[in-house]
Ligand SMILES: C[S@@+](CC[C@H](N)C(=O)[O-])C[C@H]1O[C@@H](n2cnc3c(N)ncnc32)[C@H](O)[C@@H]1O
């Protein structure tokens, strides 16, 4: 099968927003080539495998590549994408040079493109993310393995916004907790919460492809007795309160539903928000506080911020 590869050289802060635009235009997957990946100090320990080829990465910024089935409608789709990207600028997101490139690729290239960037990575004290096609043996007894096939959904598990959520979950999840995961993507955070001992996890996503991918990953990780995945918009369909709500979404989306999050989090419970680009930190903190949350901790990684808050 032939695919159209659409790529944009963008900024670090715009990666998620651009990926979302591509997904919403019907992209069957996104590959992220980040120039900073090459510069990071790599420690070959705990079974981490790093084999990055500088030729695969841009010298500056981040290339986001999306894949759409090649069809005669591609020109219209590209126009839709351009409009949606222009709209991001209204949200004060710097998306870079705005030059979309297109190329025709076949399915085999696409499958390889995913896999060459994706290896087992120890991303926190306890969690190691392992792609389904890699063999990996835990090195310690309390190590928690999340097996992932990112499929077509956001969430290789190694994006800074995801890593901070998993680190935050590691800090706050207690055995027997109930958790809501808003915008579950590949299901990575729900699986993490279940492995940490949550009794029940309600995962949801607006994107049907993500719902499907999360369901598959939940089964793959044998946590389907704990995690249920739903199609839904933010917290609209969530009726039961939870000990913990986690949402790795853009700052603009987070600030739009802090009151709903407050009503779902039990008194004494935690709200973990991520996906916040650094300069929007105060805006999100203020929205959380206005709804009644108390900020416990602000985590930072690269240009990104995650916030752990408590409902008093
Ligand atoms: C940045 S990804 C996070 C995925 C995963 N939770 C992680 O941490 O890697 C954001 C996810 O939120 C979903 N999303 C965006 N807007 C949403 C909405 N209004 N309601 C539910 N999900 C939404 C997207 O489809 C996407 O899967």
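Each residue, glycine too, has its Cβ placed from N, Cα and C.
All TrEMBL annotations are machine predictions without curation.
What you see is a predicted model, and the numbers here were worked out from it, not measured in a lab.
Here is what TrEMBL says about this protein:
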type	residues	note
BINDING	162, 183, 205, 248	S-adenosyl-L-methionine binding site
Problem - binding-site residues compared (162, 248) - highest count of Cβ atoms within 10 Å - result: 248
Handout entry: Other CB atoms, at most 10 A from the CB of residue 205 (S-adenosyl-L-methionine binding site)
Key = 26
Exercise for the section: Measure between the Cα atoms of every pair in 162, 183, 205, 248, the residues the record assigns to S-adenosyl-L-methionine, and report the largest value in Å, rounded to a whole number. Expected result: 15
